[in-house]
Every structure is written in structure tokens, then in C-alpha cells.
Amino acid sequence: MKSIVFVALFGLALLAVVCSASEDAHKELLKEVVRAMVVDKTDAVQAEERECRWYLGGCSQDGDCCKHLQCHSNYEWCIWDGTSSK
């Protein structure tokens, strides 16, 4: 009888340790996801602050657009200029 109680208590203690470790792993995973979201948002902000416009970005002259793009005269957005060399 005493051994059954001991085994049951030991099993409950082991279960508590496993659940606690699982909860810690879950919290760590949540932190990683939040970090990834913050890094993506930071990259997006930096992309908006570059000095040239990407494809279909608004422009007023060819100099506003990035390499291999030109400013479309009617719609005022950057389009491919037909070149492909590096």
C-alpha cells in the first residue's frame, strides 16, 4: 500500500516537472515568434526609407527609381526599363 502511494506521488511530481518544462518551451517559442515579428517590422521600415523607388513605386523622374527602372511618364510609377545586366 505504501509503495503504491509512493509511486503515485512520484508520478504526479514527474508529471508536474514535464508540464512545467513544456510550458517553458511554449513561452520560449512565443518569444521567438514575437522577435521574428519585430525584426520583420524593422526590415519593412528600413525598406521604406531607401533612397530609390522599387517596381511600381511612385516617382517624378527617372532618377527616383532604382537601377533598371524608369519613371513612367503618364502614371508616374517606376517600371522596368528593358535592361537586365548587373
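A Cβ is built for glycine as well, from the same backbone N, Cα and C atoms used for every other residue.
The signal peptide annotation in Swiss-Prot covers 1-21.
CYS52 (disulfide bond) is surrounded by 13 other CB atoms, counting those within 10 A of its CB over all protein chains shown. Taken from Swiss-Prot, the feature disulfide bond covers CYS52-CYS66 (among others), and the record attributes it to similarity to another entry.
As annotated by Swiss-Prot, disulfide bond applies to CYS59-CYS71 (among others), with the evidence given as similarity to another entry. Taking the Cβ of CYS59 (disulfide bond) as centre and 10 Å as the limit, one finds 21 other Cβ atoms among all the protein chains shown. Under the three-state DSSP scheme, CYS59 (disulfide bond) falls in the coil class.
In the three-state DSSP reading, CYS65 (disulfide bond) counts as strand. Per Swiss-Prot, disulfide bond is recorded for CYS65-CYS78 (among others).
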Return only the integer: C-alpha distance in Å from CYS78 (disulfide bond) to CYS52 (disulfide bond). 10
Between the C-alpha atoms of CYS65 (disulfide bond) and CYS52 (disulfide bond), the distance in angstrom, to the nearest integer, is 5
If you count, for each of the disulfide-bonded residues CYS65, CYS66, CYS71, CYS78, the other Cβ atoms lying within 10 Å of its Cβ, which residue has the minimum? CYS66
Distance check, please: Cα of CYS59 (disulfide bond) against Cα of CYS66 (disulfide bond), rounded to an integer number of angstrom. 10
